[in-house]
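Participant: Please find one structure pasted underneath; my questions will follow.
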Amino acid sequence: MRTEAEVGVRHRKPRSQRDAKVCQSTRSWKKQERRPPVSLRREPALWHRFQTSELAMGRQSLALSWAVATVLMLQMAAEERPPWTLHGKAEVFADLSAQELKAVHSFLQARKELGLQPSGSPSMAKNSVFLIEMLLPKKQHVLKFLDHGERRPVREARATIFFGAQENPNVTEFAVGPLPSPSYLRALSPRSRHQASWASRPISKVEYKLLLHTLQEATKPLHQFFLNTTGFSFQDCQSRCLTFSDVAPRGLASGQRRTWFILQRFVEGYFLHPTGLELLVDHGNTNVQEWTVEQVWYNGKFYRSPEELAQKYANGEVDVVVLEGPLPKGQGDESTEEPPLFSSYKPRGDFPRSISVGGPRVVQPNGARYLLDGNVVLYGGWSFAFRLHSSTGLQVLNLHFGGERIAYEVSVQEAVAMYGGHTPAGMQTKYMDVGWGLGSVTHELAPGIDCPETATFLDTFHYFDADDPVLYPRALCLFEMPTGVPLRRHFNSNFNGGFNFYAGLKGQVLVLRTTSTVYNYDYIWDFIFHPNGVMEAKMHATGYVHATFYTPEGLLHGMRLHTHLLGNMHTHLVHYRVDLDVAGTKNSFETLEMKLENITNPWSPRHRLIQPTLEQRQYSQERQAAFRLGRPLPRHLLFTNPKKNPWGHKRSYRLQIYSSAEQVLPFGWQEERAITWARYSLAVTKYRESEKCSSSIYHQNDPWNPPVVFEEFLHNNENIEDEDLVAWVTVGFLHIPHSEDIPNTATPGNSVGFLLRPFNFFPEDPSLASRDTVIVWPRDKGPNYIQRWIPEDQDCLKPPPFSFNGTYRPV
C-alpha cells in the first residue's frame, strides 16, 4: 500500500489550519432542545407546562453538556466508512505518482529498440515519449475487486510515443506495467480503421520553438514594416517583441500540417493585440528546413510571401494601419502608464459607491466537515474517488450516496469552440481543446479568489510533453461553502399576525474544482455535491476572448471591441461521459413529460376541465435515446433501477441539463467527423470497454480522419433495457463577444452543466439526516424556542446570534 505522498495528488492544509495567528475557537455545547408535540400546541395549559419544564431542564443542561459532547464524538468515531474506501482500495482510480511516472520513463528509455531521445531535443526527426498517464483498468475487473473482494486489477500506464526518426513516422500508444515496477509494454490497438496519423499529433514545445525561429527568419524582410506599423519586431526586440497565436485545424485535409498564425504585440493580454498580419506555414515535414510560409494576410488582403508584402509596402501599395500608442514598455514592467493598457487587469474607473475594504469570506471555526484520504472524499452521505486525467481533465469515480453507487464515472471528455471570422485565422478556428492538453494545463489556484482560503489544495503531477513528471502545485481544491440559499425552508403562518413554526435547512455544498487554461481561455470545472443526493457538474468560461484584427467585413462575424480588435463569435461545447450505475449496473432509460387532457368535470358534468397528466415513455434501443442538439429535450430524463421505493415507483436518478447550445456544423461536413457527439444533447448507450472516450488528443490536428468517431457508438443500436448504461451529455452556449468582455469574459451567464437528482430513489429527502436544520417555535412569553442539532459556534469570527421573531403586525 502506497503512502499519501506517493499517490498522484498531494494535500495542502487550508491556510486557516497553517497560519499561526488563527482565531482560537471554543465549542459551546448547548442543550439539545426538544420539539413540542403537536398535541401540546393545541392545549394552552399543557403548552405552558411544557415551556416551564423546558426552563427547568435548562438548569441541568450545563452539567450534561460535556456528556452529550462525549456521546456525539463516540458516535462519530463509530461510524463505519464504506468498505471500498478502506485499505487503499480506491487507489485503483488514482493518478500515477511521480515515482510511478519516473519508473515508466526509465523503463521506456531502457528499451533500446525504441530508440528514444529526450523530448527537448531540437529536432522533429526523433523518437520521444510525449505523454504518460494512468490507464484505467476494465470496469468489470474494478467492480469485482471493490464489491466482491477479488484480485486487485493490474496497475498500468498509457505511454504515447512519437516515432519521428523513421521513413514513415507514426504515433503509437503502449500499455506499460505492472506498476510500480514495470516489466512489459504492449501496443494498444486503435479502434477499427482509426489509427492516429503522424500529422494528428499535438504540437510539442520543441515544435513551437522551431516555428518561432521559422517565423523570425521568414519575416526578416518585414522588420522595418513591423517597426513602422506596430513599434514591435521579431528582431532584436528586447521589451517590444512580437509573439503569435496559432489556430487549428492545421490545413484543409487529413495528413496536412499547415497552420495560420496571428502575429501580436507581446504585452499584458497580448491575445487582444493583433497586428493585422497573419501567416500560413506548412510545417508537416520532419526536416525543419523544408518548412515554408505559403501565404500572408494583412488588413484584408492576401500576399504570396513576406517578401511580396515588404516590396509592396516599400512601393506604397499597401493599405497600412499604424497601431496607436502610447506603447507599453513590455510585459511585467512596473511602470504605471496612464491610462492602463485596455487588456490589463489594473483597476480603472470608480463605482458610484466605492468599496475599499475586503468582502465576506468562508470560515471553518471547527475545521473541515469532509474527510479527504488520498484520492477519496467522504462528505455526509457522499463518498467518491477522483483523478485529474492529463488528457481530458477532472473525473469523479465510484460515486456513492448513502452507501449505494450512483455512478461509476462522471468525466469531462472534450471542450470545443467553433468560430467564425473574416480573417483566415478567424474563419479557420475550430478549437478542440483536448488536443491542446486540456487536462494538463491545470495551473495554480489562488486562495481567496479561485477557491476559499479554507479549501484543501492539492498538487498533482503531469507527464505531458516533458522528460520528467512536472509538479503542478494547488492544481485542485476541495471545499465546503454556504450557497446563500436554504436547501429548503418553510414559514408556517397562523394567519393572525404570527406563526406556528419556522423550519429551515442551511444550503451547504462540497465543491471539487480545477481549472484548465488553454492559452487565452480559462475553464473552471466544478463537481458540486449537495446534501440531498444531488450532484452537479458545471463549467464556467472566462479568460481572454479569441480575437482577430478588425475589418468592416468582420462585423458579420463578431463585435468591435477596440480600435483594431474584433471579438469573433463562437459556440462553446463541452462533452461529458456519465456512466450511471443507479443502485446497480442494470438500468433502463425512460422519460416523463406533461400533456394536457380535456375531460368532463366529474363534479359539474356541464363543464369541461383541462389538466396536466403524466406521459411516460420507455426507450429500448440506443438510436431512440439519441436526442438532437438544439431540439427540445423531454423534461424528465430518468435512469431507473428495476427495484422500487416503498411507494411503488422505480428507484431512479434524473439527469437535468442546462444548456443553450445549437448545431455548429452540418452533419458530415469535413471537420464535423471529429465532433459527431455534438449532434446530440444526450445520447444513451450500452457500456462497452471500446467506447470509453468520445474524443482524443489527435482530433484537433486531424478532424477529417479522427481515431474516435462517436457516431459509430450508435451504429449497432444496442438494447438499453436493464443494461449497464452510459449517458453522453453535451452542453454549451453561443458567445458573441461584446465590450464588457474586455479585458476578460466574466463567469456570470457563461456557465453550463447538468445535475444528477434523485427521483423516487429514496423514501424521503435524504438531507433529513443533516444536523444543520433549525426549527423555531413561538412562545407566548419570552423569546421564541429555537431547536438546533449543532451548537452555535463560539469564536472570534462568530456571526451575530441567531434570532427569529416571526410576527407581522400592523404598525
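From the backbone N, Cα and C atoms, a Cβ is placed for every residue, glycine too.
Unlike curated entries, TrEMBL annotations are predicted automatically.
Feature annotation from TrEMBL assigns region 'Disordered' to 1-37. Look at TrEMBL and you will find 99-184 tagged as domain 'Copper amine oxidase N2-terminal'. The domain 'Copper amine oxidase N3-terminal' annotation in TrEMBL covers 201-301. TrEMBL lists 360-768 with the feature domain 'Copper amine oxidase catalytic'. Annotated active site, proton acceptor per TrEMBL: Asp433, in sequence order. According to TrEMBL, the feature active site, schiff-base intermediate with substrate maps to Tyr521. The 2',4',5'-topaquinone annotation in TrEMBL covers Tyr521.
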Participant: Take the Cβ of the residue listed as 'active site, schiff-base intermediate with substrate' and count every other Cβ within 10 Å, whichever protein chain it belongs to.
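Facilitator: Step by step: centre on the Cβ of the residue listed as 'active site, schiff-base intermediate with substrate', count other Cβ atoms within 10 Å, giving 23.
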Participant: Per DSSP, what is the helix/strand/coil residue tally across the domain 'Copper amine oxidase N3-terminal' (201-301)?
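Facilitator: Residue counts in helix, strand and coil order: 31 helix, 32 strand, 38 coil.
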Participant: Under 8 Å Cβ to Cβ from Asp433 (active site, proton acceptor), same chain, six or more residues apart: give me those in sequence order, or none if nothing qualifies.
Facilitator: Glu414, Ala415, Val416, Ala417, Ser516, Val518, Tyr521, Tyr523, Gln700
Participant: Can you work out the mean pLDDT of the predicted model over the domain 'Copper amine oxidase catalytic' (360-768)?
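Facilitator: It averages 97.
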Participant: Residue counts in helix (H, G, I), strand (E, B) and coil for the domain 'Copper amine oxidase N2-terminal' (99-184), per DSSP?
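Facilitator: Grouping H, G, I as helix and E, B as strand yields 25 helix, 27 strand, 34 coil.
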